[in-house]
Amino acid sequence: MISTKRHINTNELLHLSKAVVFGSGAFGTALAMVLSKKCREVCVWHIKEEEARLVNEKRENDLYLRGVQLASNIIFTSDVDEAYKGAELILFVIPTQFLRGFFQKSGGNLIAYAKARQVPVLVCTKGIERSTLKFPAQIVGEFFPSNLLSVLAGPSFAIEVATGVFTCVSVASADINVARRLQRIMTTGDRSFVCWATTDTVGCEVASAVKNVLAIGSGVANGLGMGLNARAALITRGLLEIRDLTAALGGDGSAIFGLAGFGDLQLTCSSELSRNFTVGKKLGKGLSLEEIQRTSKAVAEGVATAEPLVRLAQQLKVTMPLCQQIYEVVYKKKNPRAAIADLLSCGLQDEGLPPLFKKSAATPSKL
């Protein structure tokens, strides 16, 4: 068993000459702000040249993270080769549905560079690819060696990360020593951003994807005026759906009750800062998905994830009633109240939770 009782002191932290972030949305920009405390230079790749130039001039990414002044050592560029040249760490924060296309179109030299120099790759994207039903790290793993890959996940709203509000996340790799090295790189000296290492990459990716779908459901319940008790029930039962899918995909489940699992699920399902929660709330109030998307520039990843998630669950024969009903509300235009009624018509059931502790007849309960 891997011990989690490990403390990091400031002397253990690692600093780099340069890091590159591929993906310039709110979260990519926020992670660049974290890295600006650990690197001499941080380069952020943005797809449009003119927009990248304007960000550099204004020192603000007002498209996705308005009001946050960029650190002086952060540079935006639309040139892939310029972005990664000299980088000692590569982060991917490109939306899941566009990740493969990026590698196929622009990734050749980047991939060769990372392989030749053994540059660690941190996957920060969340979701499930529609065409293959793969998670982001699986997609990235088709192009980069597995020994370079880690996953970052956990409760981390971009605006708080970018402005140095205290945040804890998980860094996962199949090799705990790889995860611990990334932990030392990403944790900041002022402890405003702290990473915990784990080996449950599957659990981290499943939780990161499914929580966005569940957050839409939490928003729907809020829009219907269902209250906090309903939200707590959704979070609890939703966590079990994450558990069951993680088990079916071969994860060890250790991340489910950690930062990437319960932590991120609770946050995303409980705040108007969550784009997924906000989309769900508007659906609950009667707006159509088309109406919502016309007025929002930011991506609510749960919308893109719901459909492939349901197909993946069916393929693996995993029962996910909450995610199924959320999918039907989002894509089949099912009335949200009808979805709630269907969830509640399943009959009385046992809670279905295994005991955490073994109890023998010789040691009866003291309560």
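Every residue, even glycine, has its Cβ placed from backbone N, Cα and C.
Quantities reported herein were computed from a predicted structural model and do not represent experimental measurements.
Under the DSSP three-state reduction, Lys211 (active site, proton acceptor) is assigned to helix. Residues near Lys211 (active site, proton acceptor) in space but far in sequence (CB under 8 A, at least 6 apart, same chain), listed by position: Gly238, Ile242, Asp264, Leu265, Thr268, Cys269. What Swiss-Prot lists as active site, proton acceptor is Lys211.
DSSP gives Phe27 (NAD(+) binding site) a helix state. As annotated by Swiss-Prot, NAD(+) binding site applies to Gly23, Ser24, Gly25, Ala26, Phe27, Gly28, Phe98, Ala158, Arg275, Lys297, Glu301, with the evidence given as similarity to another entry.
What Swiss-Prot lists as substrate binding site is Lys126, Arg275, Asn276. Using a 10 Å Cβ-Cβ cutoff, Asn276 (substrate binding site) registers 26 neighbours.
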Quiz item: Between the binding-site residues Phe27, Phe98, whose Cβ has more other Cβ atoms within 10 Å than any of the rest?
Solution: Phe27
Practice problem: Return the single residue from the binding-site residues list (Gly23, Gly25) that has the minimum number of other CB atoms within 10 Å. | Solution: Gly25
Practice problem: Looking at substrate and its recorded binding residues Lys126, Arg275, Asn276, figure out the farthest C-alpha pair and report it in angstrom, whole number. | Solution: 13
Quiz item: Taking every protein chain shown into account, which of the binding-site residues Lys126, Arg275 has the largest tally of Cβ atoms within 10 Å of its Cβ?
Solution: Lys126
Quiz item: List, in sequence order, the same-chain residues at least six positions removed whose CB sits under 8 Å from that of Glu301 (NAD(+) binding site)?
Solution: Pro95, Thr96, Lys126, Gly127, Ala209, Asn212, Arg275, Asn276
Quiz item: What other residues of this chain sit with their CB within 8 A of the center of the CB atoms of Lys126, Arg275, Asn276, the recorded substrate site?
Solution: Asn212, Ala215, Thr268, Ser274, Val299, Ala300, Glu301, Gly302
